[in-house]
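Quick look at what TrEMBL lists:
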type	residues	note
TRANSMEM	7-36	transmembrane segment
TRANSMEM	48-66	transmembrane segment
TRANSMEM	78-97	transmembrane segment
TRANSMEM	103-123	transmembrane segment
TRANSMEM	135-154	transmembrane segment
TRANSMEM	166-185	transmembrane segment
DOMAIN	226-390	domain 'Major facilitator superfamily (MFS) profile'
TRANSMEM	227-247	transmembrane segment
TRANSMEM	262-280	transmembrane segment
TRANSMEM	287-307	transmembrane segment
TRANSMEM	319-338	transmembrane segment
TRANSMEM	350-373	transmembrane segment
Amino acid sequence: MTKTEPWAWVVLAASICALFFNTALNFTVGVLHIALLERFPDVDVSTISWLGALFSCMFALAGMIASNVISVFNSRTCVMLSGIVTLVGFTLSRFVTDIKYLFITYSFIAGSGQALCFAGTLVSLSYHFMDKTSMATGIAVGGCGLSSFIFPPFTQFLIDTYGLDGTFLMLGALGFQSSVFGALMRPTKYELRPKAVSCRRRQCTPETEELSTVWQDRFKFFQSVPYWLLLVSSTSFSIALSTVYLFMPEYFKLLGSTSQEAAILLSVAGVTGTISRVLLGVLASSVGVSIIFGGMFGIMGVVTFFLKFMSSLGGKISYTAFLGFYTGACWSLQYTLLVEINGLHNISTAYGVLMFCSGVGYLFGPPVAGTYFPTLFEWSYFICHNRYAY
């Protein structure tokens, strides 16, 4: 068993704060969507919806960018860069008057900052907590769950007080705090060692041979069957999660709930999701991450089959509580499972590819599901949840 360094706990605290201030900005997208509709009344609603959709999924789609930054530099540089990118993206968005350019400044640039922060913190934690990765990532990602209650009303307060332009500047400043906390994530010997090896190779091998060897070694994880299965699983549950959380309020309204009631039900999932991130992360350290990862989606799929009989308020609360608890820890456990499959060798590259696949599922899941949701109604929700058990 590898001894945990005292500084690792500082890194864990810094990771919680970095994820809270940066990656958790994802929870502001709903409030910003309404403000953007008011700012651009002549723009088609679907166009503005794509702004929020792209911003939301960039934390996964830009995983390859984050993995390259970690491979070339280290995880600390990646997290510190995330704050700068987020600040630049939101600051530029404040001066944009054409919605077309918001796809660049808001969706792509500011959204990419989330990916840099998310990937950088998880990779750093895996190096500092080699024997307690699931526990550390579960606690760190739990900070994102707390922000699901804080950021939406806080963002609305900023819009009411400073307007959309001022809100963009404030959110950029908040996201920039990840640079401060990222500075505390000092690189470990495992991150510094590959550079020394690379330098020795450069002195004794031809350039073409070295390049071929490096690329083969870097993408060796593609030869692993479990890794491919994890890619398929990640894409599947990303399609399901994005679709479920988008259509769940509308589904409950069709079952007789009011808009306010549907919003309260979503907050229930946030509460249980926060508990899940910490509890299942700690539990996975002793029970086994693969058992918990597969079991929680299987249980959620079974529970969803009984959703039709949960038409009362108590039934809906029970369902959203299950939803939050059995899906809240999926991102942290996914990374822990990747470490078990791949090890720490080229973990940043393997994780970047994994997050990209998740981003593709997260982006295209709702549009595809939306084509059959109005016609299939009840069954569309069940079909989406069946993807969990892939």
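Backbone N, Cα and C define each Cβ position, glycine as well.
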The mean pLDDT across the domain 'Major facilitator superfamily (MFS) profile' (226-390) is 75
Among 48-66, 78-97, 227-247, 287-307, 319-338, the stretch with the most Cβ pairs under 8 Å to the transmembrane segment (166-185) is 78-97
The answer for the transmembrane segment (48-66), taking Cβ pairs under 8 Å and residues 6+ beyond its ends, is 23, 26, 29-30, 32-33, 36-37, 40, 78, 99, 102-103, 106-108, 110-112, 114-116, 118-120, 238, 242, 348, 351-356, 358-360, 362-363, 366
Contact set of the transmembrane segment (135-154) with the rest of its chain, CB cutoff 8 A exclusive, min separation 6+ beyond the ends, reads 8, 12, 15-17, 19-20, 23-28, 30-31, 121-122, 125-126, 128-129, 267, 270-271, 273-274, 277-282, 284-285, 328-329, 331-333, 335-336
- Run the contact check on the transmembrane segment (7-36) against the transmembrane segment (287-307): 3 or more C-beta pairs under 8 Å, excluding pairs closer than 6 in sequence. no
In the same chain, residues at least 6 away from the ends of the transmembrane segment (78-97) whose Cβ sits under 8 Å of its Cβ atoms read 18, 22, 25, 66, 69-70, 105-106, 108-117, 119-121, 123-124, 165-166, 168-169, 171-173, 175-183, 185
